[in-house]
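Notes to accompany the following structure.
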C-alpha cells in the first residue's frame, strides 16, 4: 500500500512538474529581463520594462495551460487549455500560474472525453468541421466558467496561501518545512515540490518583493553537497568512492537526484539534510535572500545567474551555511558510527531500511515470504513475467527450469511471458516488484511473488525446496499420467525451441572494454551495435530507453539485460544478442551498489533467443565466471564461458 501511494504521489508530482519544465526557459527569460530592466536593478530601462508584465500575466500562464492540456489530449487539449486559462487571467489581477495548472488539464480532460464519445460517429468529410467547432464551442463555455468560478476560486486559494505563509514567516516557523521537503526529495519528488508548489508561490511573491526565497528552498545544492563530501572523506564502504565525482555533478550540474541513493544507504543522513535545509531557510529569512525566478537545474551557476543585485551575500551565505551544517552533522554520524550494531548485522540493517523506506527487497539469507504461499501442492504452472517477455524473465525462467529439472519436479512447467499476455489460470507468477501490480490485474487468481534480482539463485533454490517438500502430494493422488503429460510438454517445448533456434552468438556479437557515463549511454551503445548488425531498426534504441523507465533491467550479480518494450516488436528485423563488457561499471539499478559490468542487449523474434539466453544464464550462475567475464580481454574466452563455439562472421 505504501509503495502504491508513493507511486501515485510521484506520478501526480511528475505531472505537475511536466507542466512547468518545458517552459522553464521562458521563466528564466522573464527572470533575466526582470533583473536587468526594472528600477533599482542592473540597468533600468523604461521602454524594455513594459515587456515584463505581459510575460508574467499572460504568456507564462497560457503556456502552462497549453502544456497541461497537451499532456492530456495532445494539441487539441493544449488549445482548449489555453482558452480556458484566458478566462481566469481576465478575472483577476494576479499572475495565474496555479490557475493555468488547473485550467490546462481541465480543458484537456474535457476535449479528450468529447473525442472518445464522437469517435467513429462523424460522417466522412465532416471531420475538420466537427474538430474545429467542437473546440470553439466547448472553449466558450469553459472560458465563461473559468472567468466566473475557477479564477475567483484560485485567487482565494492564492490569497489564503499567502496569508498562511506570512503567518509562518512572522512566527519564524518557515524552517520547519524542511521536515517535509527533504524526505520528499529523497523519494524523487524534488521536481514536483519545486515546480509544482514553490515556483507558483515564488512568482506570486515576486510581484510584490522583486525576489522570493521560495525559488531557493528546494534548489539549494548546499545540503546535498554536504552529504556527498562527508561520504567521500568518511564513508568506508566501496559505494562511497564515487561520491567525490557526484559532488561535482550535483553542485555544478545541479543534478540533485545523484545524492538520494547515498542517503538511502545510510538513512540517518536524512537528519543531516533536514538540519542543512533548516539552516538555509533561516539564513534566507534573516538576510532577506531569494532569487528573481525559478532555477532549473539547481546548479550554483544557475542560482548566481538568477540572483538579484544586492542579494549575492544573502544567497551565498545561505548555501554555504547549509553545506557546513549538513557536512558537520554527517561527519559526526560517520565518526561515532551511529548504529554500529545495525551496520554489522545484515539482517538488522535490512529491517531498519525497510521500516524507514518499506521497499520490498529479495535477496536476504532467509526467504520466509515464500512459505506464505498457499497450496504448494496445486502449483503446476509457474510463469516468470516481465514487460516484454524476452529478457529478464527468460533468464529467470532458465535458472528456475534448471533447478526444477535437477530436483526431478517433472509435474511443474516453467515458462516466461510478456506481462500483458499473462493467462488468468496461472498458478504462480513471479515478476519484478514494480510490475507486480500489473501482474495481479492480469492474473488476479494466481499467487504472486515480487523480486528485484532475477539472477538470485538462492531465491530459486528456496522456492524449489518448498515445491520439493510437497511433491509427494502428486503420488498420493494418482496423477502420474498428468505428470508424464506435462513432462512431455516440457520436452516437446524444448525440442521446438531448439529446432527454431536460428540465432547463434559469435565473436561479432561480443564487445569488450566499453565505457559509458550512465546507463542511458550504455543502452545507446548496445542499441547502436544491434542496429549496425541489422538486428533492429534505429527506433528500437528509443524503445529500449522507454523500457528502462518502466522498471530497471538490472538483473543483479553485475548484469543488466536492456531490451525494447512489447510495442517495439515491429522494430525487430531478426533475433540478435549483443554482449557488452564495461570494466569500469555502469550504475543500472535502484541502489548505489547496483553496478553492471556486463550489459547484454536482446532483440528477439518469437523464441529464437531462448537457447542463447539459456546458455548465458548457465554461465552467469557462477559468480567467478561473472568476475572473469567482467575483466577478460579475450573474445574467445567469453564465448567459451557462454558454452558456444567460436564462429567468425
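Cβ from N, Cα, C; glycine included.
The domain 'PTS EIIC type-2' annotation in Swiss-Prot covers 12-340, and the record cites sequence analysis as its basis.
Residues annotated as transmembrane segment in Swiss-Prot, with similarity to another entry given as evidence: 24-45 (among others).
Positions annotated as transmembrane segment by Swiss-Prot, on the basis of similarity to another entry: 50-70 (among others). Taking Cβ pairs closer than 8 Å, the transmembrane segment (50-70) reaches residues 18-20, 22-23, 26-27, 29-30, 33-34, 37-38, 77-82, 84-86, 88-89, 95-97, 99-101, 103-105, 107-108, 111, 203, 207 in its own chain, all 6 or more past its ends.
Swiss-Prot lists 134-155 (among others) with the feature transmembrane segment, giving similarity to another entry as the kind of evidence. Counting same-chain residues at least six beyond the ends of the transmembrane segment (134-155), those with a Cβ under 8 angstroms from any Cβ of the stretch are 76, 79-80, 83-92, 94, 96, 98-99, 102-103, 106-107, 110-111, 114, 118.
Positions annotated as transmembrane segment by Swiss-Prot: 165-185 (among others). For the transmembrane segment (165-185), the list of distant contacts is 192-193, 201, 205, 217-218, 223, 256, 260, 270, 273-275, 277-279, 281-282, 285: same-chain residues at least six beyond its ends, Cβ to Cβ under 8 Å.
Among the features that Swiss-Prot reports, transmembrane segment is placed at 273-292 (among others), with the record citing similarity to another entry. Sequence-distant neighbours of the transmembrane segment (273-292) (same chain, 6+ residues past either end, Cβ-Cβ under 8 Å): 31, 34-35, 169, 172, 174-179, 181-183, 185-186, 202, 206, 209-217, 220, 222-224, 226-227, 263, 303, 306-308, 311, 313-315, 317-319, 321-326, 329.
Feature annotation from Swiss-Prot assigns transmembrane segment to 313-334 (among others); the stated evidence is similarity to another entry. Packing against the transmembrane segment (313-334) from elsewhere in the chain are residues 216, 220-227, 229-231, 233-235, 266, 268-269, 271-273, 275-277, 279-280, 283-284, 287-291, 300, 303-304, 307: each is 6 or more residues past its ends and has a CB under 8 Å from a CB in it.
Here the domain 'PTS EIIB type-2' (380-472) is broken down by DSSP into helix, strand and coil counts: 39 helix, 22 strand, 32 coil. Among the features that Swiss-Prot reports, domain 'PTS EIIB type-2' is placed at 380-472, with the record citing sequence analysis.
The phosphocysteine annotation in Swiss-Prot covers 386, and the record cites similarity to another entry as its basis. Taking the Cβ of residue 386 (phosphocysteine) as centre and 10 Å as the limit, one finds 30 other Cβ atoms among all the protein chains shown.
Feature annotation from Swiss-Prot assigns active site, phosphocysteine intermediate to 386; the stated evidence is similarity to another entry.
Feature annotation from Swiss-Prot assigns domain 'PTS EIIA type-2' to 503-645.
The number of other CB atoms found within 10 A of the CB of residue 563 (phosphohistidine), across every protein chain shown, is 32. Sequence annotations record features per position, and here Swiss-Prot assigns phosphohistidine to 563.
According to Swiss-Prot, the active site, tele-phosphohistidine intermediate annotation covers 563. Secondary structure at residue 563 (phosphohistidine), taken from DSSP and collapsed to helix, strand or coil, is strand.
Cα of residue 386 (phosphocysteine) to Cα of residue 563 (phosphohistidine): a distance of 11 Å.
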